[in-house]
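Asker: Just dropping this structure here.
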Amino acid sequence: MTKVVIENVHAREIFDSRGNPTVEVEVTLSNGVVGRAEVPSGASTGENEAVELRDGGSRLGGKGVMKAVNNVNTAINNELQGADPFNQPAIDKAMIELDGTPNKGKLGANAILGTSMATAVAAAKATHQPLYRYLGGTDLSMPQTFHNVINGGEHADNGIDIQEFMITPVKKTSFRDGFEKIVNTYHTLKKVLEEKGYETGLGDEGGFAPNMKDSEEALKALHEAIERAGYVPGEDIAIACDCAASYYYNKEDGKYHLEGKVLDGDQLAEYYDKLLAEFPELISMEDPYDENDTEGMVKFTQSHKDRLQIVLDDFICTNPRLLEKAIKEGAGNASLIKLNQIGTVTETLETIRISRKHGYNTMISHRSGETGDTFIADFAVATNGGQLKTGAPARSERVEKYNQLLRIEEQLGDGERLDFFPAQD
């Protein structure tokens with residue numbers, strides 16, 4: 001039998017859910033199989049993320065990605081022609097070495113990641129397996145999903161500084177049953193907001209973006225929506241927040257400028273404690289401190305780790321080295337996993353491996369600038385990721401991930417069930 005190799009790698013410039021250019025890559029194998037992947041991009045980005053190569057200049061507001069596209073079509077294509085598509089680590093290593101920079105700044109993480117993902121898709125097709133099975137083998141589970149239903153911070157033009165208010169099902173059940181609870185709560189939330197006189201326009205991730213005065217008001221609306229949908233807050237549906245505290249951290253004075261208050265690290269913890277006391281169904285907080293405020297993050301972790309999932313995003317940027325540093329320092333107890341923060345499938349898997357080794361939960365994540373690509377849905381199942389956040393049950397680029405999970409659950413049958421945080425009987 002003739003050995004299957006990579007025959008061609010081709011990229012093009014497409015557009016994401018915010019109308020910004022992004023990279024699409026197609027990897028064609030010698031047997032004619034084609035794998036395609038589309039690269040997302042974030043609005044709220046960490047300082048240590050791999051470099052998303054943009055063109056600059058006047059075209060498309062400087063956001064064009066033709067430099068990254070050309071890097072795929074020339075340097076990366078030349079490097080990978082004839083390579084083994086089934087050896088993902090070797091493919092990714094070759095691109096990392098070809099780039100030669102610590103942050104993928106020469107070729108662009110968007111160029112490298114698109115190729116990395118498309119290679120995995122092509123390899124799965126060539127072996128006649130679903131992507132989740134190719135990447136994960138037989139060790140699979142459906143993820144617990146977190147849905148951003150009220151948007152603030154960088155994701156919406158309103159008065160709320162905390163970036164995301166999410167709802168998540170917390171009773172062990174099928175994915176479909178849990179998702180239906182989320183959909184019911186989402187539609188009820190719209191009614192609650194309308195009755196209170198708020199606009200119900202949508203933010204980048206499909207959640208509502210009401211012009212509320214503070215985060216407490218947003219949490220009250222969520223609590224009411226959960227109850228009015230017929231569920232018990234904390235027992236059926238819980239709440240999670242992505243604070244994205246770097247958004248309201250002032251580097252000049254080292255204080256947090258949050259909803260009209262100027263707070264130091266201890267005062268910020270007191271602010272969060274007030275919310276946690278009022279809303280016991282709040283079970284998870286992401287980036288509660290700035291990515292450079294190690295002292296604040298560590299202190300908050302030590303005092304809250306038994307009560308709360310503390311998710312590290314900007315603090316680690318899906319980077320194995322930064323994660324190991326955070327673990328050593330005692331920061332957080334969960335890792336947010338974004339493929340485009342680090343730039344290859346292999347490095348992302350390594351970050352997940354390190355997280356699991358040290359008892360950290362993992363939450364696979366979309367970006368605010370998304371496409372219809374469903375790679376992360378398969379990836380969450382394949383990696384036993386436990387958790388996945390990919391927006392509200394609205395906007396096709398978000399819902400398509402959930403529809404893919406419905407298909408996967410149907411294929412897996414009744415054997416695989418959600419593994420919830422916190423564990424529920």
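For all residues, glycine too, the Cβ spot is worked out from N, Cα and C.
Among the features that Swiss-Prot reports, active site, proton donor is placed at GLU205. The annotation active site, proton acceptor is assigned in Swiss-Prot to LYS338. The (2R)-2-phosphoglycerate binding site annotation in Swiss-Prot covers GLN163, LYS338, ARG367, SER368, LYS389 and is backed by sequence analysis. Summarising the annotation, Swiss-Prot assigns Mg(2+) binding site to ASP242, GLU286, ASP313.
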Asker: Would you count the other C-beta atoms found within 10 angstroms of the C-beta of GLN163 ((2R)-2-phosphoglycerate binding site) for me?
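Answerer: Around GLN163 ((2R)-2-phosphoglycerate binding site), other Cβ atoms within 10 Å: 28.
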Asker: Out of GLN163, GLU286, SER368, which of these binding-site residues is nearest the residue listed as 'active site, proton donor' by C-alpha distance?
Answerer: SER368
Asker: Write out the long-range same-chain contacts of LYS338 (active site, proton acceptor), meaning residues 6 or more apart in sequence whose Cβ is under 8 Å from its Cβ.
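Answerer: The answer is GLY42, ASP313, CYS317, THR318, SER365, ARG367.
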Asker: Give the number of CB atoms, excluding that of ASP242 (Mg(2+) binding site) itself, located within 10 Å of its CB.
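Answerer: ASP242 (Mg(2+) binding site): 28 neighbouring Cβ atoms within 10 Å.
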Asker: Inside 10 Å of the Cβ of the residue listed as 'active site, proton donor', count up the other Cβ atoms and send me the figure.
Answerer: 30
Asker: Around the Mg(2+) site recorded as ASP242, GLU286, ASP313, what other same-chain residues have a C-beta within 8 angstroms of the site's C-beta center?
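Answerer: Other same-chain residues with Cβ inside the cutoff are GLN163, GLU164, CYS241, CYS243, ALA244, MET285, ASP287, VAL311, ASP314, LEU336, SER365.
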Asker: Let's check the environment of GLU286 (Mg(2+) binding site): how many other CB atoms sit within 10 Å of its CB?
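Answerer: Taking every protein chain into account, the count is 28.
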Asker: Please report the distance from the Cα of ASP242 (Mg(2+) binding site) to the Cα of SER368 ((2R)-2-phosphoglycerate binding site), rounded to the nearest angstrom.
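Answerer: With distance taken Cα to Cα, SER368 ((2R)-2-phosphoglycerate binding site) is 13 Å from ASP242 (Mg(2+) binding site).
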Asker: For SER368 ((2R)-2-phosphoglycerate binding site), which of the three DSSP-derived states applies: helix, strand, or coil?
Answerer: coil
Asker: Roughly how wide, in whole Å, is the group GLN163, LYS338, ARG367, SER368, LYS389 that binds (2R)-2-phosphoglycerate, by largest Cα to Cα distance?
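Answerer: Maximum Cα-Cα distance: 17 Å.
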Asker: Just to verify a number: CA distance, LYS389 ((2R)-2-phosphoglycerate binding site) to GLU286 (Mg(2+) binding site), in angstrom, no decimals.
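Answerer: Just about 12 Å between their Cα atoms.
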